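Novice: Shown below is the structure under consideration.
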Amino acid sequence: MDITTIAVVGAGNMGHQIAICAALAGFRVTCTDTSAAMLDKASAFADTYLAERVRKEKLTQQAADQTLASLAFVPTIETAVADADLVIEAIIEKLDIKRTLFAQLDKLCPAHTILATNSSYIVSSNIADATARPDKVCNMHFFNPALVMKLVEVVKGPHVSDETVDAVMNAARKMGKTPVLLHKEIYGFLVNRLLQATRQEALKLLDMGVASPEAIDTAVMNGLGYPMGPFQLLDLTGIDLAYHVGMEKYRETGDPADRPSPTVVEKFIKGEWGKKVGKGFYDYEQ
Ligand code: 3HC
């Protein structure tokens with residue numbers, strides 16, 4: 001199956017960048033969100049981002065114009081997904097909300113449409129049975145910032161057809177990404193399992209009062225050669241996301257070790273969710 005039209009549901013941290021990426025690669029793209037403010041912000045970001053690429057001579061004006069012409073931010077989900085060959089869901093990490101959305105997408109989309117989730121942790125077999133097309137429901141996991149990071153994890157759950165996997169891998173390649181295929185479903189896939197190990201230890205060291213976020217980030221960047229420290233990365237990906245993911249895992253396993261760390265809970269309650277709100281472990285200009 002040849003994918004030409006993509007709908008991204010959710011214009012947040014990940015969704016708006018996935019949409020711009022797809023439009024830059026020549027797909028026809030719609031991006032929708034229940035929040036008009038998020039859509040406005042995403043649309044303004046696309047204008048600024050593409051203008052900046054032209055200014056930096058990384059993109060021609062013609063390519064920027066074409067990208068904007070093939071990218072629509074639309075408030076109604078019915079319109080957004082009506083012609084999609086592939087829907088990429090990038091909404092909040094709550095299983096019940098995702099299941100409701102996928103049941104709705106199943107009714108709204110053409111029969112051939114592949115429904116992919118960008119979930120960071122939730123495997124698609126927990127969602128696929130909310131639809132009548134489980135063979136066309138899979139994980140397609142991008143990394144933050146999606147315009148920059150090359151990796152996409154594609155997960156072949158037992159319900160997913162080979163045709164779906166091939167189409168999604170090809171779409172990722174066309175987007176300029178490097179897809180990797182997981183042959184088994186596993187919570188957190190590859191990268192987030194590895195990331196979580198570093199992050200948990202960093203939060204533990206902070207909660208124990210061993211060192212500041214700045215010192216731990218400096219240690220990880222200079223001692224391990226990572227481009228960013230764990231606290232800078234938490235601010236980038238969102239402390240709210242870390243909180244919701246931790247709570248989902250805790251609900252699933254009941255293991256207190258899976259609960260979000262006290263620091264993450266405190267920051268979540270205070271609304272200090274990271275870069276997108278101007279404050280997390282660090283302060284940012286808005
Ligand atoms: N959005 C779009 N583009 C961005 C960006 C952003 N938020 N931040 C940086 N860029 C672009 C810049 O425009 C620049 O592009 P150019 O070289 O083509 O002009 C390029 O990235 C480099 O930017 P900078 O020189 O400003 O900054 P750095 O060299 O420090 O790179 C970074 C910034 C790419 C974010 C780098 O620090 C990095 O790779 N950090 C690690 C990110 C990471 O680990 N991501 C994975 C997170 S885990 C995850 O996503 C899991 C998921 O489930 C949530």
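For all residues, glycine too, the Cβ spot is worked out from N, Cα and C.
Below, the features straight out of TrEMBL:
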DOMAIN    5-184  domain '3-hydroxyacyl-CoA dehydrogenase NAD binding'
BINDING   GLY10, ALA11, GLY12, ASN13, MET14, GLY15, ASP33, GLU93, LYS98, SER120, ASN144, LYS276  NAD(+) binding site
SITE      HIS141  site 'Important for catalytic activity'
DOMAIN    188-284  domain '3-hydroxyacyl-CoA dehydrogenase C-terminal'
Novice: With every protein chain in view, how many other Cβ atoms are within 10 Å of the Cβ of ASN144 (NAD(+) binding site)?
Specialist: 16
Novice: Mind running the binding-site residues GLY10, GLY12, ASP33, LYS98, ASN144 against ligand 1 and keeping the ones whose CB falls under 6 Å of it?
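Specialist: Going through GLY10, GLY12, ASP33, LYS98, ASN144 in sequence order, those close to ligand 1 turn out to be ASN144.
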Novice: In the predicted model, what is the mean pLDDT computed over the domain '3-hydroxyacyl-CoA dehydrogenase NAD binding' (5-184)?
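Specialist: Within the domain '3-hydroxyacyl-CoA dehydrogenase NAD binding' (5-184), the model's average pLDDT equals 97.
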Novice: Looking at the binding-site residues GLY10, GLY12, which one has the fewest other Cβ atoms within 10 Å of its own Cβ?
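Specialist: Looking at the binding-site residues GLY10, GLY12, the Cβ with the fewest others within 10 Å is that of GLY12.
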Novice: Measure from the Cβ of MET14 (NAD(+) binding site) and count the other Cβ atoms within 10 Å, all protein chains considered.
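Specialist: Result for MET14 (NAD(+) binding site): 24 other Cβ atoms within 10 Å.
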Novice: Any same-chain residues 6+ apart from ASP33 (NAD(+) binding site) with CB under 8 Å of its CB? Would you list them in sequence order, or say none?
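Specialist: In sequence order, VAL9, GLY10, ALA11, GLY12, GLY15, LEU39, ALA42, PRO75 meet the Cβ cut-off.
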Novice: Do you know which of the recorded positions LYS98, HIS141 has the most other C-beta atoms within 10 angstroms of its C-beta?
Specialist: HIS141
Novice: Indicate whether GLY12 (NAD(+) binding site) is helix, strand or coil by DSSP.
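Specialist: GLY12 (NAD(+) binding site) sits in coil per DSSP, no helix or strand.
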